[in-house]
Each structure stands twice: as structure tokens, then as C-alpha cells.
Amino acid sequence: VGNYKRTVKRIDDGHRLCNDLMNCIHERARIEKVYAQQLTEWAKRWKQLVEKGPQYGTVERAWCAFMSEAEKVSELHLEVKGSLMNEDFEKIKNWQKEAFHKQMMGGFKETKEAEDGFRKAQKPWAKKLKEVEAAKKAYHAACKEEKLAISRETNSKADPALNPEQLKKLQDKVERSKQDVLKTKEKYEKSLKELDNATPQYMENMEQVFEQCQQFEEKRLRFFREVLLEVQKHLDLSNVASYKNIYRELEQNIKTADAVEDLRWFRANQGPGMSMNWPQFEEWSADLNRTLSRREKKKASDGVTLTGINQMGEQVSQPNKHSSSLSVQSNTLQSVQSSYNPFEDEEDTGSTVSEKEDNKIKNVSSYEKNQSYPTDWSDEESNNPFSSTDANGDTNPFDEDSPPAMEVRVRALYDYEGQEQDELSFKAGDELTKMENEDEQGWCKGRLDNGQVGLYPANYVEPIQ
């Protein structure tokens, strides 16, 4: 009696499971959205870095194809997020609303109907069961009383102090208790028989209500299976034709990278094949020949585009942002200080990808492809294009008298523990002096305030403004 409550509780559990499934899908949709946003931010930041960096030609386009892949995959994951929320989540929500009806006094109509159905089916049988329990209790009490009376009678026969009248009373007590046992036993057996006769009908009525609950639960289970299959289809991008095309196109873009073609283009635009401006006789002019101080040279304004005769013959045309003529500006080459540690875990700083992107977009790359080079040539200065710093920061090995680099105060962005004896160790926020510019391995030479001199990673510091 009352064990049907487990079946009734299953109805309430079904409503709660609908909420759980909706929460599960909602969390996955949020993950899809965050992943899509991170892909987009990553693609945007690295696309700018590659476009501004020194890479060129077909290899640059192959590299940028990864950013295009990320943007397209981001769109697909946003579609997954939309499908999960707009289709699957809403479908569960609407089904739950149709399947479970709340009552004014609390609870669900379906729960109350099942409760009432089971209680009604069980009530007659439970009443007879109560009668059986009462009859059994009376029968057992009579048996106990009979045993006690017989025991007293037996003991009295051995007691000479008892008179015949008292002995007679004990014998009468035994007789009455035997009759009570027979009566209660008969009543107990009769009530058991009635209970047995009512049991088949009771089972039929209870099973009928139980089957109704089973049918209701079957609808929920089948619905959950249907929804989970739809969620699986929405999550499985491997069956999406456009998803396969993204990587087929990425592979094609990478395979189109041609080293020979890139080298030919670089020769024609940045090497011996570029447009030249050989020295020619120029008339004297007071304005043109005015001697400029070193400070004035550094402050010279906009650059001048020089064109000349191409002595290498054929020019290789390529749709790129570089010009075939050499655009020269008079500003000096500036080294790019990185503000982002590529080895730092995002969760350690609590910053997002977009926040790091907002700090400085010119990190990672050693220099920009559109940077200007000094135009003047002098024995005294280091702006000779054949002795200046090249793309990787190495000085001309044939230039023996290059001037020392200017010392610059810098501040540590991250903690660094020196791994070798010639490396410095510092904490984020410490200040030190940079003595030499970054080499091709990305290391700078510096001096701590305590006088210790050593190497440190260039992208672990920033100049003090």
C-alpha cells in the first residue's frame, strides 16, 4: 500500500528532466557561441599580423587561408548555436508546456490524476487488508491467552494449597480461551479469503492506472530520444557539405603556395629587378644642398617616391599590396615591442582575446612589411641600406664600425626566470635597461638596476613611455 507513489513521482521527475535537458542544451549553445567568437577574434588579429608582417606572395595567401577557415567555421558554429536554441531548446520547452499542466494549488494535473487513480483502485483492497491485519492480531492474542491459561492450570495441579473451586475456575479459563482461538482463527481465515478474492480485481485496477502512467512516460522517453537525435545532427559538422568544402578549399590554397613564384616576385619588386634610381648629375641649388643636421634628418617629413630605369628586364606582376617602385621615407626604423606573451595561459591573466588584441595589434611580428628604410648614405651614420638592420635584426657582417645601440629603459610585462647563466630573471613590473636591440632569435641584452647584465626575451618587456 502506497508504493504507487514512486510511479507518481516519476511524472514530476519528467518535468524536471525537461528543464535539465534545456539547461544542458543552453550551456552547449553558449559554448558554441564563445568558440565562434574566439575563432573570429583570432582570425581578425592574426590576419592583421600576417598582412603587416614580412611574409609575402603565395605563402602569405596560404597562411591567410587559415584565418578564412576560422571565419567560416565560426559562422557554422554560430549556426549550431542558433539551431540548438531556436529549434531544440524551443521544442523541448513547448512539449513540456503541452505535456504538463500546472494547477492553481500547485503541482501538476497529471500527477494528481495518477495519484487519485491509484488511491481509488487501492482503497477497497487496502480496507480489506486492514481487516486482515486486525483479525490476525486478535487471533495471535487469543493464542497467547490460551497458552497462558493452560500453563496456569498445569501449575495449579501441582499446588496442594489450591482448593477445588479455584482449580475449576482455571479450567473454565482454559476452555474459554480455546473457544476464543477458534473464533478468531475462523474470522482471520475468512478475512484472508475475502482479501484473496479481491486481489485480482485490485491488481487489474492498479495495473490499468499504471499503464496510463507508462504511456505518459513512454511519450516523454520517445520525445527525448527524438530531440537528442536532432541535437546530434546539429552538432555533427562532418555531415555538413560546406564544412567539408572549407577544408578542401584550405588544402587547395596551401598547395597553391609556390616558392619559385614568390622568389621571382621578390626579385622583381625588392631585389635586383626592382626600379632603380642611379645617381645622376644635378645642378647646384642653395635649397637642395643645405646641410641638414642629424636631428633634422630624423624629423624629415613625408617620403618621396623615386622611380628609375629597370635594368633587370622583365617585371613579374602580382596582385599584391607592394608597389614595383621603391617608396622611401626618412623616418628611422622602429623596433616593435611585443605586449603579448604567446606562452601565457589566457586564464592566468583573466583577459580575453579581444582585450589582448586591443593592447597592441603589432605584436609577434618582428617588423612590418611596409616599414620605411632610410634614404641617406653616409660614412658617419648607420643609415646605409647595405649596413642597416635587415629583416631579422642582424647587422651587416661587413660593417665593422656600426655604432652602439642607444640604451632604453623598459618595464617587464611578465615574470621570467632565467634558464641559463647568461639570462636575467625578473618579475612583472620590474624596470631594467635595454642595451642592445632584439636579435634574430628574439632575445635582447639588458642590465638590471643591480648591475647584472644578461639576456632576456624581447616580448617580455615594453618601453617606458
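Every residue number used here counts from 1 along the chain in the order it is shown.
Even glycines carry a Cβ here, placed using N, Cα and C.
In TrEMBL, annotation is done automatically, which means it is predicted and not curated.
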Which range of 167-198, 423-454 is coiled coil, per TrEMBL: 167-198
Long-range CB partners for the coiled coil (167-198) (under 8 A, at least six residues beyond its ends), listed in sequence order, are 124-125, 128-129, 131-132, 134-136, 138-139, 141-143, 145-146, 148-150, 152-153, 156-157
For the domain 'F-BAR' (1-262), what is the mean per-residue pLDDT, to the nearest integer? 92
